[in-house]
């Protein structure tokens, strides 16, 4: 605030001093005007620089590539429509190698070297958590698209936001009622033995219990594992549903081995599409998944009742009806998550315009403006659906989709309400100092 | 599931792991044994073999078995060529200095990984097995292809053993391993032996990768785990000992699977790793090696 | 070996320390931040160098010592509410104890077996950080909140989240470790280590206890690496299991080999060089790993003893 006022008065001061120096009165004013207008224009049309922390290498690269494509598409759409408050967006990309140490360094580089206005776009939870302290110290707003519960846990800091994608705790809570009443009551969970899996391990059992279903076994697979058959005997025979959330490149093996183990005589399956993001659902060995259900943030396959906004979004990003890159059916997107990039950029636009954002001196105002947001309407800016935003925990909440694998496609069979995913806030960022 | 079938399954799984591991580790062990250098890029040759298998089968189309068999021949040849070029361009100029070789092969690791990422992409891609036959046991189903990996691995190991012990090439390699200077004095082209061994080591890794890729998938970061495990196998087995390498591979493959029957998986991994480390601590020369140098 | 030339050695190290001190006043923000990080990481490399360069023990498991410090400090804050200085101390103790245990076990082996054993212990450590995720938050890790990262000594108050304080803290740590390293390598103990590296058998026959000397080296190396880890936790506020993974065991080896093994200043040079190679090349092309790989190979082809090692061989034989 103060900085902003200073720079304005400085500007005025310069002008009046120059005017006085020339001593020409109105004529001088006219003579000066074009120059001043040009300057003002240059100021107002200088691009807004957004630092995009991208997983170009490392384990997150498959996601990172699609996050970049979506970001490019969204920025083009925003810029074509006049940018943010008349200023175009310029994206500066830095690779974080999907590593928390490099992630923090990259945030520092954005703030002090590239001098971007904000930082945006991180997916992997450990990179978000590793980078958050640096963002907080440098007081640079940091908008992540990660779906982790870290932001909403209020353990990070006031400069970190997740306004474009629902967090995993909310997702699980929203799905549980449908799973309990439509898939089965006795659930065995198979999950990777690290943070993403632990979120499911911790949040699913209470959510199911509230619906009269129960988790009868939890099988945590070590993150270094590349074959899974030896763990399957631990699945109790009375299991009605296997709830699986494996991630990473070994997931295909997981499904194939599950298929070999059970053959056609299998329990019901419910999984998070995270398992198969960027993987063709018709890959050899995945026939086994036919008839099983998946959570999807945004549907991979075009649905019959898709909104115009959804169609426009898919066309802009360049994915076909099967969720693969236009022109390359083998290049499957990460559709269930990457919509978050698109929506986050529009949230940034909205918040910057609300804040009257001029430059880095307005960052605190931008934080407050983002916190003041409460809901996002479905439309071209939010093609996945409407959302509500809780400024106290910096987290948005939207609808979740449950899709069934039918004839080699994912068909949405249920869409949860926003209310099903709401939970008591665990803290309040707005009470922290800026 | 009852205890016995569970144990049976763990054993079968352990055998498959062992089979692949034995081949991969054998490649590293040869390089280690003969050239006395640590090839950190060994896992990347493994990865390259798998990625090439995907490329070949995809380009060919048709029945999966045709593409697979072609990949089994062509992929190791390409990988061997890459290794040969790397050896000529870099390792030979370093005079096989152990430390310099480690750094140089770390450099190769980055280069190969980046090449795979740029040309092949970050996605994990599957390769169809040449045949898919599901063996139905009373308690569970099991992949017939997995068992054929074990058979293929045994054949390849026997072939390697034959070459090493019963042919002139093998004799030359063993002579070089035993004493480089004397071998040179007796007119053995040590320089060319080294190049051949380095390429052969990489090819073994590539063969293992082609075998394993239908039951896992090709991914540009898949090289790290085989590298670490091969290291462990080579050391436990004793430097350059074929028998030791195989026994160690079976030991490690089985222990990992069977311990996981009794403990939670991550805990099992911890215990297995710790046990193997302690074996090494109290028997540093490995199970079959002569005193370490 | 050259006879020790005392004056230029002290002058050189003093000059480096003064230079690092002065740099903070002229460096732009970005490079100022980079140098603070690099100094902390260089401490990690110096700890590694002590064992690898001077004692000739190639460990592939030093990530466990770095993360022992990282977690020792981080968990002490997270679960026991330690202040920053006691937490740093807890990190050092954790590193020292781990060094003692690992040293007692791993030193029964040598050569390649030592590499593998250290690597496997480090892998176990990594799995431990994942397995006890209720405590460690596993791979996701946890943040040490900004308000906690303050030090108050009497009426003096230091905010470790401020760039200037952070730079000075990193600088202090680096200088102390540099001086300690210099002292060690020029001491009798340091010379015994070099003797062990060159010929352990003969050293033993001369009446030195090789095992005790090596064990001491492992412990000191572990404590220095833990100091870097603990400093990383309290200066940059993040603790996570990534730092215990195998790549963080390879990094110090790389830095040391680049800068020059068994040179006191090599680790700093190597760390600095690697940092900027990655940073600059990643700005030009997305395939920066390719450039890094190529740089490594070229360096090792043309500067096989690292930057300082080559300089020492060609021009400055007295470099410690």
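From the backbone N, Cα and C atoms, a Cβ is placed for every residue, glycine too.
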If I go by TrEMBL, the feature transmembrane segment sits on one of B:45-62, B:171-188. Which? B:45-62
Going along the chain, which residues at least six beyond the ends of the transmembrane segment (B:193-215) come within the CB cut-off of under 8 Å? 16, 19-21, 23-24, 26-28, 30-31, 34-35, 39, 42-43, 45-50, 52-54, 68, 71-72, 75-84, 86-88, 91-92, 96, 126-130, 143, 145-146, 149, 152-153, 156, 160, 169, 172-173, 176, 183, 226
Other parts of the chain folded back onto the transmembrane segment (B:45-62), taken as Cβ under 8 Å at six or more residues beyond its ends: 24, 27, 68, 70-72, 74-76, 78-79, 82-83, 112-113, 116, 120, 125-128, 201-202, 205-210, 212-213, 216-223, 226-227
Answer yes if the transmembrane segment (B:15-38) and the transmembrane segment (B:142-164) have at least three CB pairs under 8 Å among residue pairs 6 or more apart in sequence, and no otherwise. yes
